[in-house]
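Structure first, then comments.
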Amino acid sequence: MYLVKDISGAIGLMVVALVLLGTWPVVLAVLERRGRQPQHTFLDFSVTNFLAAVLIALTFGQIGPDTPATPNFLTQLTHFQNNWPSVLFATAGGVTLSLGTLATQYGWAFVGLSVTEVMASSLKVVIGTTLNYFLDGRINKAEILFPGVGCFLIAAILGSLVHSSNAADNQEKLAKSLANYSKNTSTYEDLTEQFLEKEGPKDLEEAKVDAPEDTHKLENVEAGTAEFLVHLEEKRSIKVLGSHTLLGLGIVVFAGVFYALFTPAFNLATNDQWHTLPAGVPHLVVYTAFFYFSLACFAVSVGLNVWFLYRPMVGVPRSTVAAYLRDGEGRWLALLAGLVCGLGNAFTFMAGQAADSVQALPLVSTFWGVVLFGEYRRSSRRTYTLLASMLLMFAVAMVVLMASSNHRRPPL
């Protein structure tokens, strides 16, 4: 199998992974904003995400000599009876990543791409890095690592404040815009209901297919205005206006917690810190672990999203398997996003210790969110201040985290 043996190779992989993992969320968010059902998108996404793992395992996992200490992918795949405890850890990691990614897809709609990525990644570091610190024998210097963890926690808190402030800004925009139409509305829910005039369709078969001019109309409206918010709400598949602020924050916290658990699980799968493998059995190589990890992620994603076709969440219209198969609009983008995510995850695991730097991926997503979606356009000064503070704290936390990995003690 192929092993990254020098720091320059690891850094090269991480740069590519950073771009890939910071870009695929934008693709899925674009499809949701265009009105494609999140269940349909995630089913397509899951297929190529798994195929990327198979591709990596059958190429990089088969390169080089096949030795007892570092067996190739296919060799180790046939020895499940010896390394099944590590396989279970890898599959557990895949389950938690699938749940986190699924929740994140809804978080982008309710909270926004920028804040969702920063909050979820910050919680992943706060919980996941702390667990890995103890699993790895405390090799990172605590006096450097945990101040960085604290900065990530502060960034997550600031993210929740950004969301609350932006929601208040949107409420004010809608209230001012509706002032000429209604003098009797008293709540945010009343305002948005009157502006949208009717409830969204409860079944996908009842939904009106968007005409091309609807897309052009949205693109021609200035981002950040009340008119833009309403046109976006009419078009998108996940209706968010009028929802409680805590709903979006709860979804993001759920995503962050489950994101945090997949890295310790993968760590246990490849390093066997709990000594669950029989004596003489080699640890799972990264390619085998990633295969089982992605297989579990695929199974959970498909199972849950088929269920959500008929039992959707948060007011998304119902659908069917037949409707999904007929829905070719945006399919190639969802398939591309799954491939990009799968390759990004693979490169992250292949890079090893340098993987800490991939935590900077929310900065890439934030760039896309602000430039492409116009997030926080025409917001209040308070929202801009909180957003800048969140990104600054996240950047500081990233620097401290990478510094802690460069000052490692020998394992205890």
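Yeah, the Cβs are placed from backbone N, Cα and C, and that goes for glycine too.
Predicted automatically and left uncurated, TrEMBL annotations should be read as such.
The structure displayed is predicted, hence computed values, not measured ones.
Copied from TrEMBL, the annotated features are:
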{"type": "TRANSMEM", "residues": "12-31", "note": "transmembrane segment"}
{"type": "TRANSMEM", "residues": "43-64", "note": "transmembrane segment"}
{"type": "TRANSMEM", "residues": "84-103", "note": "transmembrane segment"}
{"type": "TRANSMEM", "residues": "110-132", "note": "transmembrane segment"}
{"type": "TRANSMEM", "residues": "144-163", "note": "transmembrane segment"}
{"type": "TRANSMEM", "residues": "246-269", "note": "transmembrane segment"}
{"type": "TRANSMEM", "residues": "289-310", "note": "transmembrane segment"}
{"type": "TRANSMEM", "residues": "331-351", "note": "transmembrane segment"}
{"type": "TRANSMEM", "residues": "357-374", "note": "transmembrane segment"}
{"type": "TRANSMEM", "residues": "386-404", "note": "transmembrane segment"}
Stretch contact, the transmembrane segment (246-269) with the transmembrane segment (84-103), Cβ-Cβ under 8 Å, 3+ pairs: yes
Annotated stretches the transmembrane segment (331-351) and the transmembrane segment (84-103) touching (3 or more Cβ pairs under 8 Å): no
Stretch among 12-31, 84-103, 110-132, 289-310, 386-404 sharing the most Cβ pairs under 8 Å with the transmembrane segment (357-374): 12-31
In contact by Cβ distance (the transmembrane segment (12-31), the transmembrane segment (289-310); 3 or more pairs under 8 Å): no
